[in-house]
Amino acid sequence: MAGAQPGVHALQLKPVCVSDSLKKGTKFVKWDDDSTIVTPIILRTDPQGFFFYWTDQNKETELLDLSLVKDARCGKHAKAPKDPKLRELLDVGNIGHLEQRMITVVYGPDLVNISHLNLVAFQEEVAKEWTNEVFSLATNLLAQNMSRDAFLEKAYTKLKLQVTPEGRIPLKNIYRLFSADRKRVETALEACSLPSSRNDSIPQEDFTPDVYRVFLNNLCPRPEIDNIFSEFGAKSKPYLTVDQMMDFINLKQRDPRLNEILYPPLKQEQVQVLIEKYEPNSSLAKKGQMSVDGFMRYLSGEENGVVSPEKLDLNEDMSQPLSHYFINSSHNTYLTAGQLAGNSSVEMYRQVLLSGCRCVELDCWKGRTAEEEPVITHGFTMTTEISFKEVIEAIAECAFKTSPFPILLSFENHVDSPKQQAKMAEYCRLIFGDALLMEPLEKYPLESGVPLPSPMDLMYKILVKNKKKSHKSSEGSGKKKLSEQASNTYSDSSSVFEPSSPGAGEADTESDDDDDDDDCKKSSMDEGTAGSEAMATEEMSNLVNYIQPVKFESFEISKKRNKSFEMSSFVETKGLEQLTKSPVEFVEYNKMQLSRIYPKGTRVDSSNYMPQLFWNAGCQMVALNFQTVDLAMQINMGMYEYNGKSGYRLKPEFMRRPDKHFDPFTEGIVDGIVANTLSVKIISGQFLSDKKVGTYVEVDMFGLPVDTRRKAFKTKTSQGNAVNPVWEEEPIVFKKVVLPSLACLRIAAYEEGGKFIGHRILPVQAIRPGYHYICLRNERNQPLTLPAVFVYIEVKDYVPDTYADVIEALSNPIRYVNLMEQRAKQLAALTLEDEEEVKKEADPGETSSEAPSETRTTPAENGVNHTASLAPKPPSQAPHSQPAPGSVKAPAKTEDLIQSVLTEVEAQTIEELKQQKSFVKLQKKHYKEMKDLVKRHHKKTTELIKEHTTKYNEIQNDYLRRRAALEKSAKKDSKKKSEPSSPDHGSSAIEQDLAALDAEMTQKLIDLKDKQQQQLLNLRQEQYYSEKYQKREHIKLLIQKLTDVAEECQNNQLKKLKEICEKEKKELKKKMDKKRQEKITEAKSKDKSQMEEEKTEMIRSYIQEVVQYIKRLEEAQSKRQEKLVEKHNEIRQQILDEKPKLQTELEQEYQDKFKRLPLEILEFVQEAMKGKISEDSNHGSAPPSLASDAAKVNLKSPSSEEIERENPGREFDTPL
């Protein structure tokens, strides 16, 4: 996948797979330098690959977390015992070469503080197998980015491995692991029917994975997940159906930025597979139902990581020039602490390279021993020296263990001995071998204009950056320079231990140290010692090809030279100065050439500047002090964690394309870059601290200056709860992230006193939206097992506020309409509009006469004119007698009781549907689009006319200048003519020249007119094509919108009809009951016996009558509904019928326009030319001869028939 191309990425990362031999265990001998005792052990790895563990003869178990392992070495690279007795003990039996059976496992919390586990195998093959397997497990990218469920399983595995000799789990280990709240642990154990005394232990079989899960649910209850579960459909039922689960995944968890064709939403069968995987109740799973327990498991499962595994994999295009990548770079790689004192270490080169760094620095100085071996140290400081040769060996050993892409060696060469420089070159050639790139590649010669080769072209290659010997200088001057530097640099051997300045750090190899002013002194302090670099010898020069350091002069000079193999280094202060003064030029420079930024010399504590500053300018090698894990280094680790941890990250497109210019200080949206909107809601935390303290979470954003927001959000501090604090606060919204591909989100947790707990740095482009666990990491970017933050993230393409209403209306038209109506009512209540409306209705005549007309005449080119029948009528034009859309009219009372309760329901007409706000909103949007289109073309036309006016003036001025010269010559000739000796043939020649000049001028005007006419014609045709295409699309959208509005309104009307039917039945019963009461009242006037008989008869007949009337009413209601549905269908068909009609009208309109266009353009050009020539004649700037020739310019205009003949079959409906 080195040359990954855009599209669906095929995941190349392999999940953790532990071989059987590692699971079963193997016998080894463990030894330590500090002791002469060797210990036979059985070494194993758990099936999930979480831990390395071993048991000795006393059956005591020790663990080593594989996430702490940095490297595994065997053979000559493994650590060898120094003590001869120890070596003898280890080589018992002489089974095979001891060196080939030795293994060293390197582990530690960071790059500096490392430890070694030294082992000896009994067979060479076993040593190789274990070395390869352990290194593979330790560097597995999926293992470093496990799901929440996997981290909880890791904690469980640790408890299961740390057992007593009897195979029982001590409860003290559980209390130690979950130490934040002892009382909670005790209660959770009791809930699982387990003993709770700290001194007790439990059998392994009693603490199964299911029991462990129940224990966690009691220890850390999750009410917030219950709320999400019920909110998404499980209110009345204790489960989610497969459809509800599908909606949850597709609506909440899916990234809306993804292409739906390449990354389609999940289907039912795919969701069913997930349910079967995570739902513990098999009977529910078979029915496609998911309980809250299964839902919790899904949220913490591997499918629901906050970053897609594809982003961790090598997924970027690695075939572009080297200058198109950010390259993970180290400064003063050999240092383990500060810049002035402390140890230098060969091991730092191994650790830095293993961590993914691809550019390391070597500060080389002349060795002062008898062997004359060059050394690496920080000059003029009290840091220790290390062997240059050992460093080269270390680089060769670890160069390509974690990444196959090229290594760049940045030499700061102070070795003023030609002999020692020759040694350095020889070591590089011999130790690196074929990996050292000695000659440029055939496809990429060192020539101006040729780009750098790609990381893919340079795979498994080592490139040297060192001063290149100048062939212009003589050999003698070179020797003189070397001798001068020798006397200056090492005049006294003790000078190495005397710091020359507080800023004794690196300097750029191109710094100018000849100036003496204050600015240069400050610059020198920042830049450090590299100004005194030695002259490169022939041997070292021969190693340099694609990375030739040169003194930076200016961006203009670099652009003129156009040599991609030349690069410059900038101390951070100089780099910041260039970034501030010339940001766009800096970005342009970095498209073609490499630049290296390094910390200023005054950072004696090895602190770091923020690398984001220079990534924003496209700087490739932003070198940091890897030994200092501050925020800047954490951001750097977060950056290079992705793309297969290859050490290379492809720069954003605008920082690579030569046809685009990018300003890192931009505050607006960049054309061609889709900005994002990001919303983060911190919901809760789990096991954040091992102490009973309050906790809080902070959110930061880093990116372009406009995107960066430090401490953008902070939750409230939880009160003494670090186990399961719930915040449920309002989300923090990053409304506009201008450059998402270079922005990252940082979520960090702290204890109430401000003590750092853990954090996670996530690239905005890689973040998955939805409900996710953020598994925290420590400041060294190593994963923490238990601490996590549960969040809800929304990420989408940014929509400016101008279009927010349109997007809202499109995404949820009903809610939008309701919201608009609600706002209108609220405003009316505040502005007393209701009373005004009442007054207007009381005197309609006055209103109609006084109210100003607000009706706008739609412009001819506005995109709505072509749909005149779709245009809504303004409210002021609507007659007052017209009922509201979907209103119900009550007819006059009749004797028929059914008709008296039956109300008439009218279907909404097309005109009424067009009054709907969502439809009107779309029309306004289309109007704006057409207005913008016409405006753009008008601007082009204006520019073209200006261009032709300028050309006309040029022709005219040239003509006048030449005519004046001829007339002047004619005057001289006339003077000569008056002399007797002058011949008479001169005047006739001048008249011929003037006539020729006039003819030439006329022809130029004709050519100019023809050209102008053709260009204007092309431009206007292009405009008409655009208009026609836009209008055609608008018709489609408007018809679709009107259809949708009709369906929505009609569905609402049918729902409302059901309510009306129920009301009518109640009204009918009410009226019939009233009649019955009247009859009963009449019967009361009769005698008692007759009254009882009539009352009984009335009740019987009343029941029959009610049944009959209800039946008749239902029949009438049914017929009414059928008529309404029929009318609805008719209206929808009318809407659909409008589409071809409008399209036909549009076609005809533009056929007519295209036919008229050539004549219109011709007339326009002729009038313009006439006017111009006439104006010039009035001002005396055009001679009569030229003005008289104006008629020659007016050519005959072609007829429409001629145009058709010249353009047979010409179609004017082709979209742009």
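The backbone N, Cα and C atoms fix where each Cβ goes, and this holds for glycine too.
Note on Ser974, Ser987, Ser1118: Swiss-Prot annotates phosphoserine at Ser987; no matching annotation appears for the rest, which is not proof of its absence.
Noted from Swiss-Prot: of Ser417, Ser982, the annotation phosphoserine belongs to Ser417.
According to Swiss-Prot, of the candidate residues Ser308, Ser501, Ser582, the site noted as phosphoserine is Ser582. For the annotation phosphoserine, the record in Swiss-Prot points to Ser236 among the listed residues Ser19, Ser236, Ser448. Cβ neighbour counts within 10 Å, taken over all protein chains shown, single out Ser582 as the most crowded of the modified residues Ser236, Ser582. Here Ser417 (phosphoserine) is positioned 40 angstrom away from Ser582 (phosphoserine), judged by their C-alpha atoms.
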